[in-house]
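J.: The following block contains the structure, expressed as structure tokens.
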Amino acid sequence: AYKTVLKTPSGEFTLDVPEGTTILDAAEEAGYDLPFSCRAGACSSCLGKVVSGSVDQSEGSFLDDGQMEEGFVLTCIAIPESDLVIETHKEEELF
């Protein structure tokens, strides 16, 4: 599992994300309420931004390459590849 720190508007939370599990699924299992809509990487409701670490979001993404290079991730499809620090609730920053 990878140690993942979620920086949310209501505080900072740390959870362990099992290998192969998305950030959104792991957060929900731990009882954290993150925003989401489609759960399929096809919208930006669950958008977060990676502060440190890396994720795999190759399952298909609403984001373009430039947005991904800036660190934006869709938590519903993003699977940690290392320990992570991620800011959640970032949808309004995209537009």
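Including glycine, each Cβ sits where the backbone N, Cα and C put it.
Here's the feature list from Swiss-Prot:
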type	residues	note
DOMAIN	2-92	domain '2Fe-2S ferredoxin-type'
BINDING	Cys38, Cys43, Cys46, Cys76	[2Fe-2S] cluster binding site
J.: What is the pLDDT of the domain '2Fe-2S ferredoxin-type' (2-92) when averaged and given as a whole number?
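T.: Across the domain '2Fe-2S ferredoxin-type' (2-92), the average pLDDT comes out at 96.
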J.: Do any residues at least six apart in sequence from Cys43 ([2Fe-2S] cluster binding site), in the same chain, have a Cβ closer than 8 Å to its Cβ, and if so which, in order?
T.: Ser37, Phe62
J.: Name the residues of the same chain, 6+ apart in sequence, whose Cβ is under 8 Å from the Cβ of Cys46 ([2Fe-2S] cluster binding site)?
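T.: In sequence order, Leu24, Leu34, Pro35, Phe36, Ser37, Arg39, Leu74, Thr75, Cys76, Glu91 meet the Cβ cut-off.
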J.: Within 10 angstroms of the C-beta of Cys38 ([2Fe-2S] cluster binding site), what count of other C-beta atoms is obtained when all protein chains are considered?
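T.: If we count other Cβ atoms within 10 Å of Cys38 ([2Fe-2S] cluster binding site), we arrive at 14.
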J.: For Cys46 ([2Fe-2S] cluster binding site), which of the three DSSP-derived states applies: helix, strand, or coil?
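T.: Assignment for Cys46 ([2Fe-2S] cluster binding site) reads coil.
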J.: I want to verify one value. Collapsing DSSP to three states, which class is Cys38 ([2Fe-2S] cluster binding site)?
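T.: Its secondary structure by DSSP: coil.
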J.: Write out, in the order they occur in the sequence, the residues of the chain not among Cys38, Cys43, Cys46, Cys76 that have a C-beta within 8 Å of the mean position of the C-beta atoms of the recorded [2Fe-2S] cluster site.
T.: Leu24, Phe36, Ser37, Arg39, Ala40, Gly41, Ala42, Ser44, Ser45, Phe62, Leu74, Thr75, Ile77
J.: Just to be sure I understand the packing, how many Cβ atoms besides its own are within 10 Å of the Cβ of Cys76 ([2Fe-2S] cluster binding site)?
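T.: There are 26 of them.
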J.: Sort Cys76 ([2Fe-2S] cluster binding site) into helix, strand or coil using the DSSP assignment.
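T.: It is coil.
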